[in-house]
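**Q** Starting off with a structure, shown below.
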């Protein structure tokens, strides 16, 4: 077990290092602005005194390295400073929204993951039949459509024409869980459509790859029933690619959520990011970007670790 | 029982009987399962549902016929070698090619096809369709149809330019890294790892928050584009000049001139904020292209004929251009198609968020957002530009699918 822990620790170290590099990129990109943030906030017409006061307040009179370390120290303790538009603390601004986004992503994932894996395995078993061809065209269409296209089609049918679900997913504190699930069904369904298509294709590819290996052929030739070939011979080796597929697509879910939140006016962190980009509210942009990047890296890390745990060959790298 | 219902079933049954008689198993299954599906849906949903099924089936059959005819047309006009390749194309790929062809025509001849200008206000806001305006007016009273036609030009041109930039930088870096190896390869590889571990939409938003707004003026965008062109060109100079000081100097001098001319050219075609968008796309997607090119070229570099060329004393540029590139074109072309889809969706998404192509330029992503209110009245007009985006992406994906299948020799 020791070597597994070592390998996982090593991956974790690499992940943390990449996150550190990304935090440097996120922080110092803002430094590329001509003049500084104070100038960008107050505009060209600002007086020298106002600029100096704002610089002092934001700590811009210190060197960039010190400010970066302070920002990083704050970020580790979940303190991202204050918004420069509203003056509120960034943490209170995006804390609840982050939980909302996580809820939406989890909702979509709970539906999409089992659905996609079952359908993916099914399509792999029925490969080169009409069913497979239709599934291929359908998933390709779903992947190729922008998220807002799917979202608006769902709104048009499910909420405008048939009146089954609300088009706007606004939330309030005193909602019960069924009410919440009903209210957020359409955004979750949009995400499910996109992510399921991705996952199905990747699962299909992984399984077909596996079914081509000689030991599966051997099992078939010795007369093992087809379901047994899948369950006893193929599945144990299929876990690694499937875990990989799931983790990668959950990472995809994190970015797909931005457009979906805007379509459905869902109070999530993606909406906050888009708003603050157009208002040029840099502390909020930086915080959101760091959170998204961290989640993305974490899920990719989970994919790596899952692959190591389920595939003994990866535990002994040559 | 209306005439439509009777006629529909008669037609379907006659077709399936014919197919069965002539032993066309697939056709029979296809037509007869359609009959069964219409039967069930007809009972559940009545004649209107049946009409919907008939229209959907008719559309599918129509696009299949268009695809078939277009493929035969291409085979007829292509040279012998090309025709042989085209014969292997499935109907989906032929359909994809037809759609791409249509978009190209719409984009190139937009000013002649569109009845009105893209920013021309000709009517009241959200006016209904009439004889002049095929699809009605948008939120400012501009002709929706003309704007969609112009969108084919603006949106696709921008995505194409971004993809080409990403591809030039990524592919050149990948080829050079594969031939050079060593620390150069390592540095590029790790850099692309870091950039790829930021989600693309998030990274694009971060960069646009900085370079958007006041910074999107011609001076800044010129210098940024110039820098990008210099970096890309530097890779060529490195490969070509090797250790010769004189050729370095000549190469650099030419490079500065070409980059400046190129950046000026880009600025005359696109406006500054679009140039920034193209650069953002280039920076985000070049690492992906780099990865793939590096992997493909890495497999070629270990071949014996490369060793022979090296022993002959050929330079890096010769190796890249004459030995590696011809042996990795197929996967690279497929990758270009795939990257184009990603870039196109990213640009459309950014425009939809109001951060991409700026008004009054007609663009599909922002058109969806501007007219989204119409959807709550059950009007599908705002969905047309979104569908246009989806259709092009699907089409490119169909073609890429076929090419990948062909080039990989995947017969699984």
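Just so you know, glycine gets a Cβ as well, placed from its N, Cα and C.
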**Q** For the feature transmembrane segment as recorded in TrEMBL, pick the matching range from B:246-269, B:294-317.
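**A** Of the candidate stretches, TrEMBL labels B:246-269 as transmembrane segment.
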**Q** Which of B:156-184, B:196-216, B:383-404 has the most Cβ pairs closer than 8 Å to the transmembrane segment (B:222-239)?
**A** B:156-184
**Q** Mind pulling out the one from B:6-22, B:53-70, B:91-114, B:332-357 with the most Cβ pairs under 8 angstroms to the transmembrane segment (B:156-184)?
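**A** Answer, by Cβ pair count: B:332-357.
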**Q** Taking a Cβ cut-off under 8 Å, which residues six or more beyond the ends of the transmembrane segment (B:332-357) line up next to it in the same chain?
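**A** Same-chain contacts beyond the ends: 154-156, 158-160, 162-163, 166-167, 171, 200-201, 204-205, 208, 212, 273-274, 277, 281, 284-285, 288-289, 292-293, 296, 363-366, 368-369, 389, 392-393, 396-397, 399-400, 403-404, 407.
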**Q** Are there residues at least 6 beyond the ends of the transmembrane segment (B:6-22) whose Cβ is under 8 Å from a Cβ of it, and what are they?
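**A** Sequence-remote neighbours of the transmembrane segment (B:6-22) are 28, 31-32, 34-35, 38, 50, 54.
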**Q** Which sequence positions outside the transmembrane segment (B:275-293), separated from its termini by at least 6 residues, show Cβ-Cβ distances below 8 Å to it?
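**A** Residues packing against the transmembrane segment (B:275-293) from afar: 158-159, 161-163, 165-167, 169-171, 173-175, 177-178, 188, 191-193, 195-196, 200, 203-204, 207-208, 211-212, 215-216, 220-222, 224-225, 228, 266-267, 328, 331-332, 335, 339, 342-343, 346-347, 350, 356-357.
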